[in-house]
Amino acid sequence: MQASAFAVEAKSGSTLQNSRILPGIGDSGKRSLLFASSDLRMTKRKDCFGLGLSSASMGVRGSIHSVFGSSAKARSVRAQASGGDIEDVAPSKIQVKSFGTVFPYVGVACLGAILFGYHLGVVNGALEYLAKDLGIAENTVLQGWVVSTLLAGATVGSFTGGSLADKFGRTKTFLLDAIPLAVGAFLCKSIETMIIGRLLSGIGIGISSAIVPLYISEISPTEIRGTLGSVNQLFICVGILAALVAGLPLAGNPLWWRTMFAFALVPSVLLALGMAFSPESPRWLYQQGKISEAEVSIKRLFGKERVAEVMSDLDAAAQGSAEPEAGWFDLFSSRYWKVVSVGAALFLFQQLAGINAVVYYSTSVFRSAGITSDVAASALVGAANVFGTTIASSLMDKQGRKSLLLTSFAGMAASMLLLSLTFIWPALAPYSGTLAVLGTVLYVLSFSLGAGPVPALLLPEIFASRIRAKAVALSLGMHWISNFVIGLYFLSVVNKFGISSVYLGFACVCLLAVMYIAGNVVETKGRSLEEIERALNPAI
C-alpha cells in the first residue's frame, strides 16, 4: 500500500536475524515442501529484470486438497511430462468460473481503496481555493490542520481497524467504516466543520488501509492472490487521479472545491451497499466457530464443489490449536515478534525512503528546476504511479513479492542518487529541469513496482490468523506515524541540510532496505495462507 504519497502538496508546510522466516519456502530452490499430496520442486529462471527467480514446478501425485493450496489446480502450471519435458496444464472451466465469482467482492472492497486515494488527493488542488473561500489564505497553521488532521485520523483508524475486524468481522467493519467516510465528506463546508470532517475521513481511510488488503487476501485464491492484492494499490492510485481530475474545473469556478469533497459521498454509500451483500471472510467465520456460515461463504466465493476442499485446508491449519484471538501484547511475544517486526520494518522503509516527500513537494522541485506547469507535473507523476502499479499487478504472481521489492528499492536508490546529483553537480545544471523530472518519474515508477503495493499484500500473508488483523493494524500504524512525521519535518530538514543531502539520505535508506529485504523477507507466492501459517508456526 502506499500512504498519502501521491496526494498532498506541502502548501501547509506541513529483527529479524539472517535466518529465514519461512524455512523451506521462498527463494532457496534447494529445499522442498510436501503440501497435501503434491511435490513442490523449485526451478530457477530469469525474470524480466534479469534477476534469479524461483518458479514452482509441480509433479502431481493424486488430488490436491485446496483451492487455496497448490497452484497446480486452478491455473496453468508447469508439470513434468513422463519424458522429462515441461508441458503446460490448462485450468478447467470450473476453476476459471470459481475465480470469477471472487472478482465482484474484491471490486466492492476496492471502493475503500478508491476513497483512500480520493480523500488523500482531493486537498492537493483544492487547498489554495478553499483557503481563500474560508478566509484562511494567510493562516498557514489552519491550512496545516486541514492537511494533517486527515493523517492524524488515519493513524487512529489504522490501529482500531484490526480490533474492529476481529470483533465484528470484515464485512461489518466495512459497513461501520462507511459512516466516518461519508460523514467526513459531508462536513467539509466551513473551516470548523472541515477540521472535524477531515479527522473523520482520516479515521475512515485508516480503517480502510487495514481491512481492504486483509479482506482481499482472505477471500482470494492462492493462484491470483498477488494480483488481486495489488489491485488495492492500483485503486488507491485511481482514487488519487480521480481527485486530480475532479479539480480541473477549479480554475474557472473557485467554489468547485465544495463539490469535490462532496463527490466522496458516492463511493461511501456504494461501499456500504456492496458490503451488505458481500460474503464474510470464511477464515474469520471458521475462527469464530461458525462452521456452517463459513461453508456458505466458501460456496458463494468458489462454488459448492470447493467447499469440502477449502474446509479441509482450514481444518488442517487449525489442527492442534484452540487458541483464542491474540491480544495486542501477544504481538511482542517471542513467538510472533520476528514476523511482526518484518511487517513494521517494510512500512518504515517505505516511508523513510522518501516517497511522500518526493510527491508532496514534486511541484516545488519541478518549479526550482524550471518546470512551471503544476498540472503537467502532477499528471506525469500520477501516470507513472498508475503505470507502475499496473505492471506490478501483472507480475506479482509470476515474479514474486520479494523480487519486486528488491527491484523496486534498487530503482528508487538510483533515482534518488540522480536527483541528488542534479542539484549539486554544476555540469548537470543546463539539464537540471529534464533530469529533475526524469529522476522523480523514475522514482515513482520504481516505487509503484514493489515498495508501494507489496507490503500491504505481504503482511496478511505472513501473519498467523490469530494475530493477522492486529499485526496488520500495528504495521499500518507505523506507516501513518512515519508519514505524519515526515510531512511535518521535511521542509525544516531541507532548509537546514539542503534538498540534495536529503535526497542522498533517502538513497541510503533505499540501499539499506535492499539489504534488509534480501536477508529477512521470504517469498510467499503460490502458497495458501494456511500453508504459510503452518510453516511459520509449526507448533500450530
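Using the three backbone atoms N, Cα and C, a Cβ is placed for every residue, glycine included.
As annotated in TrEMBL, transmembrane segment covers the listed stretch 142-162 rather than the other ranges in 142-162, 310-330. Taking every listed stretch (102-122, 228-249, 404-428, 497-518) in turn, the largest tally of C-beta pairs under 8 A with the transmembrane segment (255-277) is reached by 102-122. Contact check: the transmembrane segment (198-216) against the transmembrane segment (404-428) gives fewer than three Cβ pairs closer than 8 Å, residues 6 or more apart, which falls short of the contact criterion. The transmembrane segment (102-122) makes contact with the transmembrane segment (228-249): 3 or more of their CB pairs lie within 8 A, with pairs spaced 6 or more apart in sequence.
Between the transmembrane segment (471-491) and the stretches 142-162, 228-249, 404-428, 434-459, the greatest number of Cβ pairs separated by less than 8 Å involves 142-162. Ranking 142-162, 404-428, 434-459, 497-518 by CB pairs under 8 A with the transmembrane segment (228-249) puts 434-459 at the top.
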